[in-house]
Amino acid sequence: MTVHCPADCANSNYMVYGTSVYRGDSNICAAAIHAGVILNELGGDCTLLKAAGQNFYTGSTKNGITSRQYNGNYDVSYSFADGDLRCSGPDWYEFGEFCYKPFADKKTWRNARDACRSLGAELVSIQSMKEQSWVESYLYMATSDVWTGLNDLNVPGMFMWSDEHMVTFTYWAPGEPNNHDGFSEDCVEMLHTTGRWNDVSCTELNTYICKTPKGHYPLPSVKPTQYGCPQGWDAYDYSCYWMEETARSWSDAKAFCKDLDSSLLHIGDIYEQSHFTVALTDRTGFWWIGLHAQGGITGGVDYKWDNGLPLTFTHWDKNQPDNGAGTCVAMTTGQIGGFWDDKQCSDLNAFVCEKARPDITPPTKAPTPTPVPGCADGWFSRPHFRNCYKLFHNVDFSLKKSWGAAHEDCISRGANLVSIHNQEEEVFLSTYSKDSTKWIGLKHNPAIGGYSWSDATPVSHTNWGPGEPNNHEGREDCVEMVSSTNGTISWWNDLNCDAHQDWICMISKGKTPILPPAPPSPLPAPDCGSNPGWRKNNAICYYYNDTDNVDFHTAVMRCYAEKAMLVSILSKEEQAYVNSMVGTGKVAAAWIGMMMFGVANGQYMWVDGSPLVYTHWAPGEPNNANGEEQCVQMNRRQGVWNDVNCGRAAAGYVCKKFPGDDHTPPPPTKPWEGNCPAGWLRFRNKCFMFKGHQHGIRANWSDAQSWCRNEGGVLAIIDDQYENDFVASYLRDLRLPTWIGLWDAHGENQYAWSDGVSPVLYTNWDQNEPNNAGGSERCVAITHNMLSSGKWNDDACHSNHSFVCSMKKSSSIPPPPPTKNPCPDGYISWYHNCYKLVEEPATWDAAQAACQAQGGNLASIDMSYDQAFVAGVVLQGKADAWIGLRRKEDGSYSWSDGWPVFFTQWGPGEPSNIKDEGCVNMHASIFFHGTWNDTKCDQAKPYICKISSEKPPPTPGPGDGQCLKYWVPYGRHCYYVHNEKEGFSWPNARHFCQSFRTELASIHSRAELEFIRNMNYTKNHNIWIGLTRDGNFGWGWTDKTPVAFLNWAPDEPNSAFHPGEVAEENCVEMYEDGRWNDNNCLMKRGFVCRHRQFYTTDDNKHPIYPTDDPGSNEAGVIAGAVIGAIVLVCLIAGGLYFVFKVRGYKLSSLSLPTRTTSKVDVPAFSNPNFVGESDT
């Protein structure tokens, strides 16, 4: 109790008996002055500690107060508390601000609580991992599981502490709390062996721990028994510990401990481990312990304690032990410290020394019993082994099991999945299970630590294969043992736990195995369909056919017959369930409903329209081997996916649907009235803004998102194919690639839209994307060029790209001011073109006539951007429609408006060139979206008209002259493309051309460019053309023809000219899609040469080229359109001389490689000093 005393108590009448301890009726305030607890002049509060009565009280005079002596018994005494808080006696243990007392007698929960309350305490409550670990360290005193104060007696399912502390921390055992079998499990025990929590009936009998805040108690008269170690050493249980913070190597730490008559720390159980988990909470770095690895004769390692004691307990960290470079073991530190990592022994770490306490003798352990001889039938062992083993080897695939199922099978036999503890056991098991892979009991448990055995024995041996464990894609938590053909070599590999394979069970000798019950029959699912093979999981129906191998298309049709579709897999859980069916099938694989859409470099999509939000590819897949693997199978053993040729009859299949109905995607959102802000483009229900035009703003993904949000939108959200086409069609003037709002910041391959609300309804990944190259690609951009536009790629978020914003259109935004429509009524404007879908069917000829009557033609498509706009915006899935392409009598195709054919988008197997199928329509279906098909011209179909202000370039007629051998004619010129792997610099490429009295090609029209682009079929490099900076720092062709046509890529040319600067971008290369880029002239590229067709040769059979070359194939079109004169004085006369002089090249002729057919043979000149260039 606490009493307040006024000032000047010493002047009052008082009666005080005793010194330090006072007779119970002594004046409290006078006694407090006498004891020095308060001053007479000030008074104050004093706390009394009640004590037992004494037979004698000593008198004395202190602080102006005289106490009297009393010789005789008095029932009660008291003393005064000092300022320190402590526990009431040596049988209470201090931790933080509380005192704890374990009790060995067993009581029900309520009786244990009442026993604690009788001491002024409560059943223990636990508020942190640090406190949990501290309590665990004292469980060695317990003889059973231990009651805590946690319960849900008041409100079922709402657990509360009996001392009314808030529940801020829990440490449930796996699967707990579970209210097992519906019993009232309302009270919580701490498991004696693991420290984890479990809800049980409150009437069970357990030991218990009481907890109370520290109080004011007298100093103990003797030191507590835990102080039995030398000065500076800490005591716990039977040992003394020295915490040495000076970092040393493992061997130096061992020597240091030896000098202290101790050894590096040995941890024998969870209790001692818990003690050091607490001790290292506020430390940093790693701390050596006495465990180290010894190499096995076949590659495995056995972990041993340096003091020679047996390894009875392990506490490995996540992904540990991993057979890395480390062979010595250290503990981690921090709030969740104490875990073990294998480290390099030369690392410098702090460490702990341990030696026996001199005042405590540990109990004598019973000797290890001699193994019982023999094993049950079907089990095998060695005489000195303590366990028997049963191998399930090369079982039928219908009997192979996942790791979990194998574990359950062993448990049902009274056994466990095998644990391996030394190299001798490893070799023995490998010999008996040669040429196989099988589950062992090791599993990674990242939620609670590293690798552990399912039978809870310590991990004292590992035998990882090279590069293992690698936890491929974060999905490999279980471990298989792989044995060589003859069984002499084995190794371990981490694997997805859902894989199906053989397994090994282990049981202690002397224990009789149990005959497992027959597995239950699958539950029927009549609401899924009449076929008895249907199964239901999570309200979804699945049917697996493994009776025969079929091709992909047959599998699709068979699922349709079941009113279902080939399965789509949208989560890890669904993958595990489907794998449980396929893993026990009769065939090696099963078709799933994923297919690549597109003839080349296509995207993967689910045939039921589900979004691609989860994948489970095998390592190295998909690889589209030989460009023919368009469909996907699930492998039987591991459940991983592999792309396969769709036409191979090589797998069973899995169908999926919802009960009573087909599995179909939701209907599209209907349009609503609304408008877009100025500067935004409207499409259906959304508005889009495109940023990143030439010399415009570009940004990293985060800054682009911020910019869009400042404008009232977000980085673009794309919900379907048509929106993607609309966006793709407007990327033609943007620097590529272009950011959209998709990213996977919340987990690898867990993509979400950045607005945090919109579901992922659609994806359009490019081939082999997303691939997270370099581990840093978390954001998504659209790639685009003249050949392909609209594919998605994951990219590094810090890259600066163009970007697209989107927002929903709004009725609150006023309509834009009226503008003059450049197109006739009913037509849609796009760049210089107008388009119109006429839905009334007509034959191709009638459709062309109708379009011409309106001043146009059936639509021609010039590049990927046109294709995207026509397919996604004009056609928009309404119906297959005629376009202007038609086959001519010579078998070639031409556009009805006279444009050359620069671009095609044929569907699978098209054009088929079947007789009478000469006209081309565009597909409207989402699966064959936008692709082209040749069909009969007299069929009536809707059609697309196009009116364009652009005039088609004239197609040059064939020249009547000759070409050099292996050169290809076009118009009045001849061309040679060289694009081998070695590559040439621009000066050497020009020298190559000049050795034949020709030049690097000049290009004067789109038609000529497309001709050259199509010649570049090897595509090893971009190719040099003859455009370069001239003596006036402008651009000019080396053949001195006028610059009348340019085709720069966005933001090109981008290198400012600084005379004299090294590695300036003065030469021009052509990309695969035909666009141009200025680059360093010394880069290694392919190249294209051009010469004028000739009619005669000289006496040496060298061609005599005409001298009246107008400069291009289309002289009438481009004459006078001169952009810059070509004066290559500096570069040719100076630069070339310098480059060739430095490199030692001779400007002599070269011999051409053999390519194609020829017209005129030209003498070849050999130059042994010049054989091409390499990149070295």
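From the backbone N, Cα and C atoms, a Cβ is placed for every residue, glycine too.
As the structure is a computational prediction, the values presented were derived from the model and not from experiment.
Feature annotations, courtesy of TrEMBL:
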type	residues	note
DOMAIN	1-67	domain 'LCCL'
DOMAIN	95-211	domain 'C-type lectin'
DOMAIN	236-354	domain 'C-type lectin'
DOMAIN	384-506	domain 'C-type lectin'
DOMAIN	537-646	domain 'C-type lectin'
DOMAIN	683-806	domain 'C-type lectin'
DOMAIN	830-946	domain 'C-type lectin'
DOMAIN	970-1090	domain 'C-type lectin'
TRANSMEM	1117-1140	transmembrane segment
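Counting residues per DSSP class in helix, strand and coil order gives 22 helix, 38 strand, 57 coil for the domain 'C-type lectin' (830-946). The domain 'C-type lectin' (683-806): residue composition by secondary structure is 22 helix, 43 strand, 59 coil, according to DSSP.
Mean pLDDT for the domain 'C-type lectin' (970-1090) in the predicted structure: 85. Under DSSP, the residues of the domain 'C-type lectin' (537-646) split into helix, strand and coil as follows: 24 helix, 37 strand, 49 coil.
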